[in-house]
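Shown next, in structure tokens, is the structure this report addresses.
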Amino acid sequence: MYRITIVEDDDKIARLLGEALERYGFEPQRAQRMKELTLDFEEQQPHLVLMDINLPYFDGFYWCRQFRQRSNAPVLFISARSGEMDQVMAIENGGDDYVTKPIHLDLLLAKIKSALRRSYGEYAAAPRSGEGAERAHDPQASDKPGHGAPAGSFELRCGALRLDISRSLLLWREQSAQLSRNERLLAEALLEADGAIVSRDRLLESLWDDTAFVDDNTLTVNVTRLRRKLEELGLGGVLETHRGQGYRLNDADLAAGPDGGGL
């Protein structure tokens, strides 16, 4: 049973959400310590978090950043704030999706199920045959919540750049960068293409089941975040934008050296 932590200071909304989640077979958990939510995160080990923005002491953006230091489990923001910048801020601070109040329960449940499928279920990382990038099986995979891979762990490669899917880590020579769930999914799609251009539609599909609810700007924000992680590894120019077509990883820049890439 999936554990879902509800971070909501409105008792009525939190209760209604909990009752709805329980009816659909989830295990709802209410966050209690609004001043020390990290303690609730550590104790509850959620598979997914529903996060309000307007909270006592610190806002939901702050707590999402704190949660991201501990887990890559999906975070869905729920807020009465419907402005585009609020949604951009939610994504930039580590969120995976955004639902505005008043809450339409069917839409919320669809987004929850989609996020869980992508992180732990049928759409989670798994080996695929016939694709350009190499996958290596890791029998020591972690199945803890938030690690983004099911019972087996797999690795993607493009040149000397590696993606450890079970740990959501990008590895380049002696360095590594921790990825959020959305950054990992984008990296998967790009590494699997093995230097070919990946369309914006394909990248949107890799992040969300139903792209009808997704603002195109949301993809741009996530690509920008992945670029920053690549820059941390000294790969600032490797993720190329091809206007009107999509994005690609410059595999020539990622080619391993004579020493096999120094990994």
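Each residue, glycine too, has its Cβ placed from N, Cα and C.
What TrEMBL says about a protein is an automatic prediction, not a curated fact.
TrEMBL annotations:
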DNA_BIND  153-251  DNA-binding region
COMPBIAS  131-146  compositional bias 'Basic and acidic residues'
DOMAIN    3-116  domain 'Response regulatory'
DOMAIN    153-251  domain 'OmpR/PhoB-type'
MOD_RES   Asp52  4-aspartylphosphate
REGION    126-149  region 'Disordered'
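On the 0 to 100 pLDDT scale, the domain 'Response regulatory' (3-116) averages 91 in the predicted structure. Over all protein chains present, the Cβ of the residue listed as '4-aspartylphosphate' has 22 other Cβ atoms lying within 10 Å.
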